[in-house]
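What TrEMBL records for 16-68 is domain 'Myosin N-terminal SH3-like'. Annotation source TrEMBL lists ATP binding site at GLY171, GLU172, SER173, GLY174, ALA175, GLY176, LYS177, THR178. Annotation source TrEMBL lists region 'Actin-binding' at 648-670. The annotation region 'Disordered' is assigned in TrEMBL to 1079-1108.
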Amino acid sequence: MFKLFLSLLFFSFPPLQYTRVWIPDPDEVWRSAEIIKDYKEGDKSLQLKLEDETLYEYPIDLPGSELPFLRNPDILVGQNDLTALSYLHEPAVLHNLKVRFLESNHIYTYCGIVLVAINPYEQLPIYEQDVIYAYSGQNMGDMDPHIFAVAEEAYKQMARDEKNQSIIVSGESGAGKTVSAKYAMRFFATVGGSASETNIEAKVLASSPIVEAIGNAKTTRNDNSSRFGKYIQIGFDKRYHIIGANMRTYLLEKSRVVFQAEDERNYHIFYQLCASSSLPEFKDLGLTCAEDFFYTSQGGDTSIDGVDDADDFEKTRHAFTLLGVKESHQTTIFRIIAAILHLGNLKIQGERDGEVCSVSSEDEHLSSFCSLLGVEHSQMQHWLCHCKLVTTAETYVKSMSLHQVVNARNALAKHIYAQLFNWIVQHINKALHTTVKQHSFIGVLDIYGFETFEVNSFEQFCINYANEKLQQQFNSHVFKLEQEEYMKEGIPWTLIDFYDNQPCIDLIEAKLGILDLLDEECKVPKGTDQNWAQKLYDRHAASLHFQKPRMSNTSFIVLHFADKVEYQSEGFLEKNRDTVYEEQINILKASKVKRMVADLFQEETDAVPASAVQKRTPRINVRSAKPAFKAANKEHRKTVGHQFRNSLQLLMETLNATTPHYVRCIKPNDEKLPFKFDPKRTVQQLRACGVLETIRISAAGFPSRWSYPDFFNRYRVLMNKRDLSKNDKKQICQTLLENLIKDPDKFQFGRTKIFFRAGQVAYLEKLRADKFRAATIMIQKTVRGWLQRARYQRLRRATLALQRYARGHLARRLFQHLRRTRAAIILQKQYRMLRMRRAFLRVRSATLTIQAFARGMFVRRIYHQMLLEHKATILQKYARGWLARARFRRAQAAAVVLQCHWRRLRARRQLQALRIEARSAQHLKKLNIGMENKVVQLQRKVDEQNKENKLLNEQLSMLTSAHSSEVEKLKKELQQYQQTQQGDGKQLLSLQEETERLRMELERAHGEREVLEDSHGKERDLLRKVYLSVCEFARNTVEENMQMKKELEEERSRYQNLVKEYASLEQRYDNLRNEMTIFKQTPGHRRNPSNQSSLESDSNNPSICTSEIGDTEDVIQQVEEIGMEKAAMDMTLFLKLQKRVRELELERKKLQAQLEKKEQETQADNEAEIPEIGGIVKGSCGKRQELESENKKLKNELNELRKAIADHATQNNSSNDVQDGYNLLLNQLKSANEELEVRKEEVLILRSQIMKAAQQKESGKNMTEDWGYLNEDGELGLAYQGLKQVARLLEAQLQDQRREHEEEMEALRNQMDLMQEELEKQQQAFLQTLQLSPEIQVEFGLQQEITRLTNENLDLKELLEKLEKNEKKLKKQLKIYMKKVQDFEVERRPHERSMQVAVQRKEKDFQGMLEYYKEDEPLLIRNLITDLKPQAVSATVPCLPAYILYMCIRHADYINDDQKVHSLLTSTINGVKKVLKKHQDDFEMTSFWLANTCRLLHCLKQYSGEEGFMTQNTAKQNEHCLKNFDLTEYRQVLGHLSIQIYQQLINIAEGILQPMIVSAVLENESIQGLSSVKPVGYRKYCSKEGDSSYSLDEMIRQLNTFHSIMCDQGLDPEIIQQVFKQLFYMINAITLNNLLLRKDVCSWSTGMQLRFNISQLEEWLRGKNLQQSGAAQTLEPLIQAAQLLQLKKKTSEDAEAICSLCTSLSTQQIVKILNLYTPVNEFEERVTVAFIRNIQVNLKDFRLKSNLFPLNHHPLNYRYFACKELGLSPDCSPWALTSAVSSVVPSSPLAVQ
């Protein structure tokens, strides 16, 4: 029927020239060709041209040969779904798979409901955790085909339909079934992780290494082939979390334990155990390498490339431990496996030509076998070679032949391993079992596919039988889905004929079928394989599915659905019986050493029947399908075939009760080479796995299906304007199809889709291409004509220009000739003149040279003579001078010696006189007089202090009375304030009424927008004027008050300065008086020898000493006049200052004298140094004058202090300010002394520096002494240093100004760049608009204008709302200010005098605390946290609850109540958690409490009292710091809570935005007419129903909502920026993931749409001033991906441009996008494989390997948020912090320190 349909299709559209078809080929199965000659009716053949340009004649004979299949258009090649192809047949399917596998490296492809998976034999980066999250929650058809998409579909249907699901994975050995099933289970473990802490999903995954170790082996087709079938059932609870799992196994290949073919291995566990035999715990197993054992060395090579058996064994042991298998049981398992290896190495000795056999008792392998299993050595030795025959009369023991003994040994080994395998599976199921009630489950069936080998035995027969049953179920399910689709769309359908393999199944399992006859033959005592084969020939010779080979009497052929298979009957009976001798089993049962060994072989008498289990539970019972072992002597023991048939029947019942999902694994080649495609092997497997059957069923109906909008968008070019003007797209599509396709049977109209027969979409594509081709030709014709006309006009203009230039050239040549002739004459004249002049100059130069050398010779002779005479004179001068100095030094030395002796004699006489005077009594009396005066002075001081204390006590009493009066006054003011508050309540009602009236007026004014704007502008100006006038009046008032305060403070400071100066001088009075008494009473200076040198130095200048004594006597006289007890002058300071002035004067005179002397000496030698020395002298003079002025100032200040002291001493008033003034004067005097000392040190340092500089400048001259003396006190250096400091200051100011200027210029440049970019964008849009047709230009212009007006309208609305809010605020402020002004004017006149007094008084500061009672704490928490709505405090101060809570904490700290602080903070944290848990999906509430939590945390940090924070605070802020408690632990808890709230905020925002992102950014058509829909497959039809789409404007409005909420609630700008950075990262990740996983969106038009949408998002960021957040940078990979889609992809230059542009994309991402790139129409070429290889080579040198997919989750660095905003440690994990918060706060109270 299918071929007849294709014939009708072929001849209904006769193939024309250039039509491409598929023809059979013996090597490539199918080969593409092109018809080079139109087909005419009656032709016997088709003229074809193959792809290699060879000609081929294809015969057409309808009765005999098949027609060639038509090839799909290139636009349809590489589809994700094979059912989307227009022509559905075998070559189209094969070619589509080949293109996807080789060119795009896509291993997954949909075929309707089947996922075709081709084994790449290479590890691909498409199974990471990020890919799982990318597919989680996505519809099946939205992403590229993947095993995760099938798993997600099963998981979603289980949750949506509440029906159990099954995933059936089948295929040949080596096709990747086990890996596919493993990845499906990994997806379920990740998405449906267990809610409890049992980690059941980890156990489910941990079962894989164990099952692979004991059930997988290396074969010639696969290195990890599963040699059994398994059905893993994963259970879920009502919340769809994994709660447990169960495994059923089918038909373990036991024969592999004892036999392996060449290049194959036994099960992995044997080699793993041998590789780990060197471990200490396995020493007693007696194992060596695998080559030493018969059961592991039959296949040859015992290793696998790239596999480490020892490492895999560690993984297996870890998996056993994770599943709860005890160490003792693990040890027993390994002992049993080792025993099997030793059993295979038994040496069996044959006797009597092999009729009798024996095993040596000294066989070490037998001993190891018995010791490992704990059985009797002698009994096992005996029963291995003997058997028991039981008759009715007696029992015989018979010896077995060598062949029988080997078979019995192998049977025993197979039986032991099978029992061990079943025991391990049972314990895995126990570990995965749960007591929680199972709500639903998903089963994963990993079962062998259809197999056919050269020799097919019993195992292949059972495998193919199971595949027949699965194929029958698959066919019925596919037909059912097709029927449901047609009925849902309301399309009339007829019964589609599909292949039913029930006859083949009946041949196998029906009564007297193959299995039935096999079981019957097994019951016969002497049944043989030949007899059974003969019975098959006799019984089933007439069956259509059974054949007898011609050349064999022991084989038979079964015609399966996939292929004919020939089975050899040899070994069928033995494998079906699975006979093991009872005596050997009884020995194993009697094992006493290892109880587990005996348990393996016990009969299952306590097994619960299946019927009882099914009665208890309504669901299908899932139990292990292992064959139940019974004793060999029982008659009705079940055979292997019977057990397999029952377990298969149970499996089919389970699958029929679930919704199946199919995965067909394909093996592309037998060499296991990566990405090599063998068409023969692939077609063979496609036929065997049922993919082509699915294609056939789809092609028999309506395989191509289009929704009405997609069809309209794709084929709107075939419609006329009249049809396009209609609004009903469905009617337009119907009209178009009725006009284009005349046969109504070729299509059907459904409710939501249009259904097409095979080939109709290709026909429509041809019409669309023809329409485009005609339009292209028209465009080309017009463009070419325009180009030719332009070319002609250019040629004509060029000809005229050439003529004009040629004529001009000739004229210029004539002129040039005349000019050159004249120039040549001039050149000759000048040249001749020049030559003569040069000759003259040479002669003149030679003459002058001779004269110069002659004169120089004579002058040098005279100079040398004078030089000799001068040197002789100098020598004579120095010799005579040396002789004169020598004589002077001898005379001087003699004079000094005489002076020393004479002075020493006089000094000794004077010393004796002083010692006599010191011993006299008169001297002691003079000293005692000073002590008596000191005692009298101290007594007077004590009396004065007593008087001051009395005065202070009187002042204290006066202050107490004043304070009480002040308290009374404050109480009266409080009463007045309460009375005025009642009046304010009435005024509030009037204001509310006025507000309602204003609101009504605004609502009425919304309808008259223009009038409102004019009136609003006028009213705003009026309000501004009033506001300015009020502000001016208030400002003047405040300035007057401030001026008065300032004057008062200045007077007070002057008064205090005087008092302090008086007190400072009074305190120094005692020391000065002592010194004065000493000066008065001492007639002469008596010094001890230690200070004699200083007295001598001071007495060098008698004038200075006399003046000092005279001044001192004047001071003493003045002190006596004022009064000794009142004066307190620092005479030491005064004398030092006078001494310093005289020293400076003396130094000035010395400098002046030295300067004059130096000028006389150096004037003749070096005149150039005079300006420098003059500058230094001027500097020294200036510095001297400066010091003299400072000394004069100090003298004047000292005189003023004396007068102030004298004035205060005469007064007797006792005020409180005296003591303060006294202290202040002391401080000023100390500061003056310190400044003087600093100046001295600076002078000394500068003096040393100048001395060093002067020494360096001396060059052979004796200037050291003069320069040092000139700058003795460093005044010149000090002046120079001051000038340098001034220069540095000016230079710093200049640099600051220059930096500010550069910053302003940079800002202006940035603004210019932004404006330039905006202008370029507008120009590009304008150019693109010019390239469009006039109609589209008008439409595009209207759309742009509408968009602009919409944006302006939104901006005006926002501006209007802001102005209204400002208007309300201004009105309220105006009323408040007017009231204040009125009150001020009323109170000012009568209380003007009192106001001045009030200004002088210091008001009591606001303490910033809020008192509350302990019993009111729940009410406080409820009103501030639990019941508080963000809207209720929106008009108040942001973060008001946080401030109130901190004020309460301050009060509790103030009263030192630790319980109150602990209770309040704990209740606050718990209340916030409760609110967030209640509103876990409310963005506004979460943002509100994030802002308040951060604000409270900031307050606790800022006012914590820590040194780091106090240095940044003001003095007023430091007064509000906590005094008694250290709340560090609570700050940490609040930091954790802030992180939790931030995570919740991000999760809410992501949950709202995530459904919008793909639709708004990737699928939204912001630019109409760019995108073009391509044909899609079955998956797309099913998944898109009911999906909601979002536009980009909706997503931007949602972002606006987020931004306005966070700004209104006072969230920190840094947090807002971080939130949007993370959200934009999510937008980038989700969009890029979908782009990398969807072939249908990787096109040029999508790149254009995507770039436009991204520019809209960037514009939004700029509008919200979020450029600095880095959110725009997170979109860089997406921008580059959009640009990559738009770039050319042909030449090597294009490849280099792509490599240089796409810097934010990894190599894998670039290659993935290029592989997915799909042309929208046939005029665009695909990306070639060579170009992609070129890209990979270019990127290989400078790119590192990275992930294919970006993170789909948070890019947020939580440490940044924690550290920067919350002040936490950057090393802490946010999840650890979160757990710490939840564990600390509710359970253990934090101690308040």
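Sequential numbering from 1, following the chain as shown.
Glycine is no exception: its Cβ is also placed from the backbone N, Cα and C atoms.
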Residue list, the region 'Actin-binding' (648-670) vs rest of chain: Cβ under 8 Å, 6 or more residues beyond ends.
97, 101, 111, 113-121, 147, 150, 153-154, 157, 161, 163-177, 180, 184, 221, 231, 248, 250, 443, 445, 449, 465-466, 469-470, 473-474, 477, 620, 622, 625, 676-678, 681-682, 685-686, 689-691
For the recorded ATP site, enumerate neighbouring residues of the same chain (Cβ within 8 Å of the Cβ centroid of GLY171, GLU172, SER173, GLY174, ALA175, GLY176, LYS177, THR178, site residues themselves excluded), in sequence order.
ASN119, ARG221, ASN222, SER225, SER226, GLY449, CYS665, LYS667
Which residues does GLY171 (ATP binding site) neighbour through Cβ under 8 Å, counting only same-chain ones at least six apart?
ALA117, LYS177, GLY449, ARG664, CYS665, ILE666, LYS667, GLN685, CYS689
By DSSP, how many residues in the domain 'Myosin N-terminal SH3-like' (16-68) are helix, how many strand, and how many coil?
0 helix, 24 strand, 29 coil
Across the region 'Actin-binding' (648-670), what does the mean pLDDT come to, as a whole number?
88
Summarise the region 'Actin-binding' (648-670) as counts of helix, strand and coil residues per DSSP.
9 helix, 8 strand, 6 coil
Among SER173, THR178, which are binding-site residues, the residue with the most C-beta atoms within 10 angstroms of its C-beta:
THR178
If one looks at the chain holding GLY174 (ATP binding site), which residues at least 6 apart in sequence have a CB under 8 angstroms from its CB?
ASN119, THR219, ARG221, ASN222, SER225, LYS667, LYS672
Tell me which residues of the chain lie with their Cβ under 8 angstroms from that of GLY176 (ATP binding site), as long as they are six or more apart in sequence?
ALA117, ASN119, CYS665, LYS667
Which number gives the other C-beta atoms within 10 angstroms of the C-beta of LYS177 (ATP binding site), all protein chains shown included?
27
Which residues does GLU172 (ATP binding site) neighbour through Cβ under 8 Å, counting only same-chain ones at least six apart?
ARG221, GLY449, PHE450, GLU451, CYS665, LYS667, GLN685, ALA688
